[in-house]
Amino acid sequence: VLQACPEIMIMIKGVVAAARSVSVTLVLLLFIVYVWAIGFRTVTYGTEVGNTHFKTIPQSMLSLFLQGVLPDMAPFVYELSEQHIGYGIIMLVFILIATLTVLNMLVGVLVEVVSVVAATEKEQLTANFVRNQLLSSLKRVDTDGNEKISQAEFESLLVNPHAARMVKEVGVDVVGLVELSDFIFQNEKELDLDDFFRLLLELRGSNNATVKDIVDMRKFMRQEILTLENDFLVHLEYLVGPQKEHYRGSKKSECGDDSSACKSLQEKGVQTSQPSGNSE
């Protein structure tokens, strides 16, 4: 049953998790009832209502609890208590668990579900409204009519005050989006309209960072570092290359046509470049 309906396990765990809070609340409630019971016992002493409902402190607490906190349950609890006091206690425990805990938890769950559904529907309606509004603006900036957006068309769209207001309404920073235009169109010259709207939804400031976002950032950083490393090596070769050629040419000019002298000169250079061993 629990595997078929995991919501039951959630409710059970919720009851267990709420046990401490419910206990503290009941203690506070009993303290309040006790204080008011003393007050009613004092002010109604010797009266008819006092003798009926507030004759003793326990009776005053029971009257306040049943008539004030659980007025609908009072006649049934009194009827059970007349048969046996244990029946009334068992009924009170059932009321505390079923009515005050589970039903109130059900109300909280319903409020939570309704809030999530309302937020999702509101977000979907906003996204559809912004999409329809931006489509009309995109048709005006789409000069080639291929239903794709280029970087120039993208920047022209964001310059439009109406389109910028729609982008801001969906939760995207317009200024930041303009600054990201070079990055967005780094690999592709044009974007499909669906990809463009998906990109807008991904760039909303209310989105939470996910594992996929972190992995994508690591891939991008690794690619950028490799590109930077390759560019650095190319520039280093460009700067050092002429000096290396100049050094080789100077060595050849020192050797001249005498190959034996060149060979001895190279051997001397090798010997001097080798580290000297220990003199022991």
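Cβ coordinates are placed from backbone N, Cα and C, and glycine is handled just like the others.
What you are looking at is a predicted structure, and each value in this text was computed from that prediction instead of being measured.
Now, the feature entries from TrEMBL:
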DOMAIN    5-117  domain 'Ion transport'
TRANSMEM  17-37  transmembrane segment
TRANSMEM  85-111  transmembrane segment
COMPBIAS  246-255  compositional bias 'Basic and acidic residues'
REGION    246-280  region 'Disordered'
COMPBIAS  269-280  compositional bias 'Polar residues'
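Proximity of distant same-chain residues to the transmembrane segment (17-37), defined by a Cβ-Cβ separation under 8 Å and at least 6 residues beyond the stretch ends, is recorded for 54, 57, 60-61, 64-65, 68-69, 96, 100-101, 105. Counting residue by residue with DSSP, the domain 'Ion transport' (5-117) contains 99 helix, 0 strand, 14 coil.
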